[in-house]
Structures are given as structure tokens and as C-alpha cells.
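Asker: Taken from TrEMBL, the feature heme b binding site applies to His218, His254, His287, His323. Summarising the annotation, TrEMBL assigns domain 'DOMON' to 55-170. Under the heading domain 'Cytochrome b561', TrEMBL lists 177-378. Feature annotation from TrEMBL assigns signal peptide to 1-26. Feature annotation from TrEMBL assigns transmembrane segment to 217-237, 249-277, 289-307, 319-339, 351-369.
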Amino acid sequence: MSLSPRTTVFVVLCFLFVLAPYFARATTDELQARCDSHSFNNGKHFRSCVDLPVLDSFLHFSYVRDTGVLEVAYRHINVDSSSWIAWGINPTSEGMSGSQTLLAYRNSTSGVMRVYTSSIKGYSPTLQESPLSFRVLQLSGEYLNGEMTIFATIVLPSNITVVNHLWQDGPLKEDDRLGMHAMSGDHLKSMATLDLLSGQVTTTKAANDNMLLVKKIHGLVNAVCWGIFMPIGVLAARYMRTYKGLDPMWFYIHIIFQTTGYFGGLLGGLGTAIYIAKHTGMRSTPHTVIGIFLFALGFLQILALKARPDKEHKYRKYWNWYHHTIGYVVIVLSVYNIYKGLAILQPGSSWKIAYTTIVGVIGMFATVMEVMQFKSRWGGSCCKESEDREADQTVSTNV
């Protein structure tokens, strides 16, 4: 016996009506288990709990406004034993510099938790143990089933109700040295303001958006200056100079694109890089090292212009070899470093597609010009070598 469409719809609605409360209850219980209903092995209880927006972290706390005593448990789930975690309060600003931090990691040899305090002075901290600007009465930690927790009792100035806090995690290296945390994604968003009375967390979205804008400007300026202008300047010098009617126009175009690329990258690219380093710390990453190396090579090219011999000078060919080699190295490293930067910035596939298209067009143009100018560029030397061989054979025959 088949059911009518109306009967089928009625049965489905009844089924959903009966089961919906169970699904809702299961979802609610799961959320509470992640925060409010979590029970600690040491039996501690806290009045408030906040599900932090990033990095799988939670903050349990109890605060007494009159005395300034703040009991906290910073809990980080889904973290392996070869990692460190940190939670801190910044009494002076919203960033990392100036934050008073609690850190914890599990000793790789003994398995014992080490928990200590560190006052961060700048954006390239060593995270060495140091006292905080406020008292720490109790400090401990635990690691269990992929979950690391810092317990602490601290004393803040009385009547404080809102604090800037931040949290982080990173890798543990050899000899239990704390490695640098990731410099992208959620690791740059793990800061907020915390209302100690209501438990409300407000993320510092404006600061994050501002830093993201600066990074995009840094990427755009460097991609245009180093990844587009520099190659075009090289193409002008290589292919336009073969046409007598374009001399000395090719030289001026070459100089304009090279100097614009270098000084544009110096002012916009290096300027934004310094801003980023000041606010997030200087990192010895391959992208940073290559960038500094490129600026050094560009400066050497500028100095080389002062030492350029005349066209008829016997050392001119050696200068040309040096100048051309450094130029090609700069182009290759620039394109490579731009892709490294895109991988760090992660601005979206459209950026990578757009730049790849531009580089592809430049590469295709260079390929076509190489084919068109092959005979004029290399044919003469090949014919000369052939004539020299024929002359040698003639001499040998006559002898």
C-alpha cells in the first residue's frame, strides 16, 4: 500500500517534531561540555567560562573586584605534547609587546609540566622566565589527552573590570626550546578584550584588519615593483637594444623601470615590512632573508653603474657579465619570493592567478623575442666559428 504525498509529509514532520528536542539537547550538552560543564581533575571550579574565538582555547575564571584576585584556568585542546601554550594580560596595549604572560609546556624527557611567567618587552621575545608586573600567587599546569591547561591565581589592581588578553601556542624544539608560533591565520587573531564581570569577549578586529591591510599593501607593492617592473626593465635592455632605431630609448626605459622597481620596493615594500616587524616581530624566515638579499643586490647594481667602463674598454665585457648575471638572479629570486609571500599572506587564489598570468605573459613575450632574435643574437657567433673552422681546414689542406 503506497502513502499519499500529504500523508508522507505529515509523517516526516511528526518525526522531526519528536526528534528535534533530542538533537537540540545533544548539541547543547556538547557545547556545555566544551566550556561550562567541563570538570577539572584537581577539583577546581570557576564562576565564568569563555569559549575563545580561535585556537581551540577556553578561559575559566573567577574574579573578585574588590581585592583584584583573579583565578584562571587557560585550557587549550587539540594540542600535542611537543607544543607550548601561553595566556597573558597586556595592561598597556592590545598587542603582544608589554604583555604579562603565563607559559607552559611538557618536558620532553620527564613528562613533567613546566609552568612559568614571562614579561614580554618587544615583538621578538625569547620567552625567558621573568617576573610579571603583578603578583602571581599560584601557578601550575597539566597535560591530559591532548589538552593542556594553565592554572594560576594572580592579583590585579583593584576595581579593574576590563583587560586586554591574548593567547598563543607554538612548537617545542630540541632541548625544550620554545619555537616561534605561526605568523598567519588564527595565530594573528588570538587577542581580545575581556570583561571580567560579564565574561564578554570582544576581539580586536580593527587592529587585525589594519595589519592585514598593511600586509596586502606590502605584497601588492613588492609584486608590482620586484615581480613586474624589474622583469620589464630587463626585457627592454635585452631585446630593444638590438634595434638601432631604439637606441638610446631602450636604455632610458631600462633605467626607469629598474629604478622605479627598486625605490618603489624600498619605500613601499621595505617600509611596510618594517611596520609589520615592529608590530608582529622580525622573523628570520626564508621570505625575509631573500627580501633583504634582494635589496642588497639591487644596491650593488646601482653602485655598479658608477663603475661601468666605456664600451670600448677591455674590461667592459666582464662588467657586462657581472651586471647581467646579478640582474637575472634578482628576477628569479624576486618571482620566487613573491610566491613565498603569497603563501604566507594567503590573500585568496585570485591574487596568485593574476600574478601568474602576468608572469606567464612576460615569459611568453621573452620566449617569442628569443626565437625572433636568435639568428641576430647567436647566428653571427655561430657563423664566425664555422668560418674559423673552414679556414683552419683550408690551411691544413694547403700545408
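Just so it is clear, glycine is given a Cβ too, placed from its N, Cα and C backbone atoms.
Curation does not apply to TrEMBL; its annotations are automatic.
Mind running through what each feature is packed against?
Answerer: In the shown protein chains, 19 other C-beta atoms lie within 10 A of the C-beta of His287 (heme b binding site).
Tertiary proximity for the transmembrane segment (217-237) is limited to same-chain residues at least six positions away from its ends with a CB under 8 Å from its CB atoms, namely 250-251, 253-258, 260-262, 264-265, 268-269, 272-273, 276, 291, 294, 327-328, 330-331, 334-335, 337-338, 341-342, 345, 347, 351, 355, 358-359, 362, 365-366, 369.
Within the chain carrying the transmembrane segment (289-307), a Cβ under 8 angstroms from the stretch's Cβ atoms is held by residues 222, 226, 258, 262, 265-266, 269-270, 273, 319, 322-323, 326-327, 329-330, 333-334, 336-337, 340, all 6 or more beyond its ends.
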Asker: Over the span of the domain 'DOMON' (55-170), count residues by DSSP class, listing helix, strand and coil in order.
Answerer: 0 helix, 66 strand, 50 coil
Asker: What mean pLDDT does the predicted model reach across the domain 'DOMON' (55-170)?
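Answerer: Summarising the domain 'DOMON' (55-170) by its mean pLDDT gives 86.
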Asker: Which sequence-distant residues neighbour the transmembrane segment (319-339)? Criterion: at least 6 residues beyond either end, Cβ under 8 Å.
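Answerer: Long-range Cβ neighbours of the transmembrane segment (319-339): 219, 222-223, 226-227, 230-231, 234, 287, 290-291, 293-294, 297-298, 300-301, 304, 307-309, 352, 355, 359.
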Asker: Give me the long-range Cβ neighbours of His323 (heme b binding site): same chain, 6+ apart, Cβ under 8 Å, in sequence order.
Answerer: Gln301, Ala304, Arg308
